[in-house]
Each structure stands twice: as C-alpha cells, then as structure tokens.
Amino acid sequence: MEIAVFGGGAWGRALAFAFGEKNEVKIISRRDLNEPLKKLNDALISKGSAPIEQVDLQRGLKAVLYVIAISVQHLREWFQNASLPKNAKVLIASKGIEVLNRAFVSEIAKDFIDPNSLCFLAGPSFAAEIIQGLPCALVIHSNNQALALEFANKTPSFIRAYAQQDIIGGEIAGAYKNVIAIAGGVCDGLKLGNSAKASLLSRGLVEMQRFGAFFGGKTETFLGLSGAGDLFLTANSILSRNYRVGLGLAQNKPLEVVLEELGEVAEGVKTTNAIVEIARKYGIYTPIASELALLLKGKSVLESMNDLIRRA
C-alpha cells in the first residue's frame with residue numbers, strides 16, 4: 001500500500017523509514033532529501049523493501065494513507081495548502097498545541113477533514129532509534145478503531161503499535177510531556193539529584209493528567225505509553241530536544257541562545273505558553289507549566305527551580 005509522509009525533518013524521515021518496511025512510501029518536503037535518504041534506502045533495500053521516494057505535493061496526495069510530521073505551529077497552514085479530501089485517512093505524528101489559536105491538534109484537523117478519518121501517533125520514541133530499527137511500542141489513537149488498526153498494521157516488525165481511542169488524551173499527553181521534559185533538563189542541569197527529579201516527574205504526570213482530564217482525557221492514557229512512557233523517555237534523555245533546552249537554561253543561557261544552539265524545533269517551548277493560557281482561561285491548576293513559563297520569560301533558573309520544587 002502507498003503511504004505519503006509529509007515532513008522531511010528527522011521525525012518525518014524516521015517514520016518514512018519505519019513504514020517503508022511493509023509499504024511503498026513517498027515523502028514530501030521542501031528540502032532536498034537525496035542525501036539524508038540514501039542510508040535509509042540502503043537499509044530498506046537490504047531487507048527487500050522498496051526505497052523511499054521524494055515527490056511533490058500533488059503526487060503525494062495520490063497515496064492511500066497520509067502521515068503528517070510537521071511542526072504543530074504550521075499544521076493549520078499545511079492543511080489549508082494541501083486541500084486534502086474530506087475523507088482522507090490521516091495519521092498526525094506532531095506533538096504540541098497551536099499557540100496562535102490555543103488549539104489542540106484534533107481541533108485544527110477537524111476544520112479540514114472528517115474527525116473519523118483522523119489518527120494521532122503517541123508514545124515513547126526517538127527518530128534516531130527508529131532509523132536504527134531499535135524496538136519500541138507506540139499508540140495510535142483514533143475515534144475510528146478500524147482506521148487506527150489499519151495504520152497499526154502498516155508499522156514495521158520492530159514497532160509494537162497499539163490501537164486505542166481517546167485521541168484528546170493522547171494528543172494532550174504528547175504535548176504536555178515536552179513541557180515537563182524541559183523542567184527535567186533544568187533539574188539535571190542544576191544537579192538537584194535523583195529525589196528531586198523523581199518528585200518533579202511524578203508531580204508532572206499528575207499535572208498532565210489533571211489538565212487532560214478537564215478536556216475528557218482518560219486516566220489510563222496518561223498512565224500508559226502515551227503519557228508516562230513518553231514523559232519518562234523525553235525528560236531523561238539527551239536525545240530529547242526539550243530536555244536539551246532545559247540543560248541549556250540550567251547554564252543560565254538566554255532562551256534565544258539555547259534555541260539557536262539547538263538548531264531544531266523544540267515544541268515544548270511554545271506549548272508551555274499555550275498550556276498556561278488555556279489553564280488560566282479554565283481555572284486548571286498547572287504549577288509546573290506556570291513556573292516554567294516564567295523561567296522561559298527570563299526568571300532566574302535557581303529561583304524558578306526552588307519555587308517549582310516547593311509548589312509542584
């Protein structure tokens with residue numbers, strides 16, 4: 001079956017590689033991917049799979065299934081330009097909250113496609129490990145269980161994909177864990193110790209669940225792969241962009257410098273502000289996200305973490 005992956009960043013290429021084991025994959029990106037795809041295609045060909053082919057948007061739209069791996073902040077614009085069929089089968093693999101309209105991913109998508117045609121990819125994984133074929137378990141959330149299973153059955157042998165409902169819980173967990181991961185990086189960067197880190201992450205999980213429950217997210221989603229699993233991975237690894245943002249802030253570097261050195265998108269930065277604004281609107285208690293927002297605006301890192309440990 002033909003699958004189109006939209007987005008040529010590290011995550012998009014990793015997903016193209018993963019789906020390429022069992023399927024014919026087309027990838028659509030503004031950048032030239034000839035060199036980045038070479039090693040991935042060599043690996044696919046060695047397994048008897050077809051190589052990933054970079055094509056233009058119109059060719060990509062002829063695929064049967066669509067996987068979207070672009071920044072959440074550009075997702076609405078992408079949907080507007082792509083003009084997908086209303087019943088297009090879409091798996092969104094982007095984690096975050098749109099800052100401009102304070103909208104969740106599913107809220108953006110429903111303006112352009114049938115909600116029953118939408119899936120959301122969640123769970124603990126890094127692009128760098130997927131392209132090595134290392135094992136992981138992910139969750140495909142959808143209100144349409146049959147569609148979630150269809151996507152799950154297209155994943156490679158090294159990925160265990162579960163099909164679950166609760167799309168709102170899955171996308172909130174995927175967005176919120178990036179926020180807590182920044183705080184986790186700060187905690188480690190300041191060498192506050194394992195006890196403080198454990199307290200931060202456990203309270204962060206509670207905060208994530210509280211926020212998600214307000215919008216109908218289920219407890220089991222936040223305690224499973226989509227929530228706890230992704231949080232513990234992202235908040236503890238140097239492979240995580242958001243964790244590295246926290247490490248940089250712990251060195252008293254201005255946020256602008258940290259992001260410039262990172263050279264990649266860290267969704268948690270903008271997601272933090274979106275969460276705080278949403279929480280303020282609905283009266284949801286989010287002490288970690290609120291304190292982190294102050295840190296991102298320039299509050300002293302030591303003062304911020306001291307306040308955070310006491311409040312969280």
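Cβ from N, Cα, C; glycine included.
Database features (Swiss-Prot):
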- Trp11, Arg30, Arg31, Lys95, Ala127, Arg241, Val265, Glu267: NADPH binding site (BINDING)
- Lys95, Gly123, Ser125, Lys177, Asp230, Ser240, Arg241, Asn242: sn-glycerol 3-phosphate binding site (BINDING)
- Lys177: active site, proton acceptor (ACT_SITE)
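The shortest Cα-Cα distance between Ser125 (sn-glycerol 3-phosphate binding site) and any of the binding-site residues Trp11, Arg30, Lys95, Val265 is the one to Trp11. In terms of Cα spacing, the binding-site residues Lys177, Asp230, Ser240, Asn242 that come within 10 Å of Val265 (NADPH binding site) are Asn242.
Asp230 (sn-glycerol 3-phosphate binding site) is 15 Å away from Trp11 (NADPH binding site) when you measure Cα to Cα. With Ala127 (NADPH binding site) as the anchor, the candidate binding-site residues are Lys177, Ser240, Asn242, and the one with the nearest CA is Ser240. For the pair Glu267 (NADPH binding site) and Gly123 (sn-glycerol 3-phosphate binding site), the C-alpha distance works out to 16 angstrom. Lys95 (NADPH binding site) and Ser240 (sn-glycerol 3-phosphate binding site) are 13 Å apart (CA-CA, integer value).
Long-range Cβ proximity for Gly123 (sn-glycerol 3-phosphate binding site), meaning a same-chain Cβ under 8 A and a gap of 6 or more residues, is found for Cys136, Ala137, Leu138, Val139, Leu225, Ser226, Gly229, Asp230. Listed binding-site residues: Asp230, Glu267. The one with the lowest count of other Cβ atoms within 10 Å of its Cβ is Glu267. On a Cα basis, Asn242 (sn-glycerol 3-phosphate binding site) lies 25 Å away from Arg30 (NADPH binding site).
Annotation for the binding-site residues Arg31, Arg241: lowest Cβ count within 10 Å of the residue's own Cβ, Arg31. Reduced to three states, the DSSP call for Ser125 (sn-glycerol 3-phosphate binding site) is coil.
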